[in-house]
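Undergrad: Quick one: the structure is below, questions incoming.
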Amino acid sequence: MTKPNGSGDSKNTLYCSFCGKSQHEVKKLIAGPTVFICDECVELCMDIIREENKTSAIKSRDGVPTPQEICDVLDDYVIGQRYAKRILSVAVHNHYKRLSHAGKTDGVELSKSNILLVGPTGCGKTLLAQTLARILDVPFTMADATTLTEAGYVGEDVENIVLKLLQSADYNVERAQRGIVYIDEIDKISRKSDNPSITRDVSGEGVQQALLKIMEGTVAAVPPQGGRKHPQQEFLQVDTTNILFICGGAFAGLEKIIAARGENASIGFGATIKSGEERGVGDTLREVEPEDLQKFGLIPEFIGRLPVLATLEDLDEKALIQILTQPKNALLKQYQRLFDMESVQLTFTPEALVAVARRAITRKTGARGLRSIMESILLDTMFELPNLRGVEEVVINAEVVDGNAEPLYVHASKSQTEAG
């Protein structure tokens, strides 16, 4: 768009159709069929869209997402685990309600209920937390318990968790104080010995002790630049009273402690193994009691800070097939998209999907092992495919998954190839 008035130079000058600035006043001018838009207007549009996305987060009539709404979104990405989803949905819903109730002076103070997720590896604990992060309108951060140590030792301080939450809230202290923290691999900070006085356990019991206060509620002094490297910086004061903590861990071996308690067996090899085979890890974990967690290595005070306990189930063959095919970000859909980019259709037969699920069960890696299995099956095909001509479909059957056959390449007919 040019403006007709002015000197000869101005006739050739282009202007933004929205704000009217010339090409010399802005960094870039993007041309459409009959209009132009400058980089500043594009940025403004993006800001407007971002704000609209924030305000369009799931809300019920009183501004609090209902447990059903939260659970429905979790269902889009996480297969199974109905019991754990319901517990998480109610806990997050109540967290929102506590925040909206905070200013009311009716004498009733609502305390938070932190959550402990217990389940076998690859059953969806971390994915549940990541999916929650997508749908919540409060700051959310994930931390790895294995990197934490007591203050004064090499490693991360527990205050770094609050710092990460503060960063996810763009250093808005008030928003960070209403956030949710997920601490993964919490079972890795169990006490290393039944006798706490033998030696100082800086990455086990020491971390549990350090987490107690921030989980219950304290004013944490958080260094904005990350702590030990900048000792002279000013500290930000963050009140953790209203921060919801969700902890998750596989707790490998906990099922044996539960089984031994249930059968009153101090040694009894056969009985415990038989119980495990008949019921599976997930079924056994459902009977977990605080005393079992204490025997595993969590201190009683730490267990007391996690009043809500949710156990996750083992993923069976049917659930693993659903994980491969059904969610919005299903693994099979991802690989099919990669093959689409080469104009090739990728097809897994129903028998092949069953074989993939069985391999994952044999490996005992749960859903986490599915990607490595798929990668090993399709590696050679993905290597060769860009150099092949006329291939329109690749078919994977059970024999291919088991390593007894090569993938089937379906070529376009001669007439189609010539037409192409």
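Backbone N, Cα and C atoms are what each Cβ position is placed from, and that goes for glycine too.
So Swiss-Prot lists these for the protein:
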type    : residues                                                       : note
DOMAIN  : 4-57                                                           : domain 'ClpX-type ZB'
BINDING : CYS16, CYS19, CYS38, CYS41                                     : Zn(2+) binding site
BINDING : PRO120, THR121, GLY122, CYS123, GLY124, LYS125, THR126, LEU127 : ATP binding site
Undergrad: Here the binding-site residues are PRO120, GLY124; which one has the lowest number of other Cβ atoms no more than 10 Å from its Cβ?
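TA: Selected from the binding-site residues PRO120, GLY124 on minimum Cβ neighbours within 10 Å: PRO120.
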Undergrad: What residues, ordered by sequence, lie under 8 A Cβ-to-Cβ from LYS125 (ATP binding site) and sit at least six positions away in the same chain?
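TA: Once residues fewer than 6 apart are set aside, LYS125 (ATP binding site) is near LEU117, GLY119, ASP184, GLY248, GLY249, ALA250, LEU312.
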Undergrad: Determine the mean pLDDT over the domain 'ClpX-type ZB' (4-57), rounding to the nearest whole number.
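TA: Summing pLDDT over the domain 'ClpX-type ZB' (4-57) and dividing by its length gives 77.
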Undergrad: Can you figure out which of THR121, GLY122, CYS123, THR126, LEU127 (the binding-site residues) comes closest in space to CYS16 (Zn(2+) binding site), comparing Cα atoms?
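TA: Looking at Cα distances from CYS16 (Zn(2+) binding site), the smallest one goes to LEU127.
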Undergrad: Out of THR121, GLY122, CYS123, THR126, which of these binding-site residues is nearest CYS41 (Zn(2+) binding site) by C-alpha distance?
TA: THR126
Undergrad: Which of CYS16, CYS19, LEU127 has the fewest nearby Cβ atoms, counting only those within 10 Å, among these binding-site residues?
TA: CYS19
Undergrad: Please report the distance from the Cα of LEU127 (ATP binding site) to the Cα of CYS38 (Zn(2+) binding site), rounded to the nearest angstrom.
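TA: CYS38 (Zn(2+) binding site) has its Cα 40 Å from the Cα of LEU127 (ATP binding site).
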Undergrad: Other than PRO120, THR121, GLY122, CYS123, GLY124, LYS125, THR126, LEU127 themselves, what residues in this chain have Cβ atoms within 8 Å of the centroid of the ATP site's Cβ atoms?
TA: GLY119, ALA250, LEU312, GLY366, ALA367, ARG368
Undergrad: Would you kindly give the Cα-Cα distance separating CYS38 (Zn(2+) binding site) and THR121 (ATP binding site), rounded to the nearest Å?
TA: 50
Undergrad: Hey, how far is CYS19 (Zn(2+) binding site) from GLY124 (ATP binding site), Cα to Cα, in Å?
TA: 49
Undergrad: With H, G and I counted as helix, E and B as strand and the rest as coil, say where DSSP puts CYS38 (Zn(2+) binding site).
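TA: CYS38 (Zn(2+) binding site) sits in a strand per DSSP.
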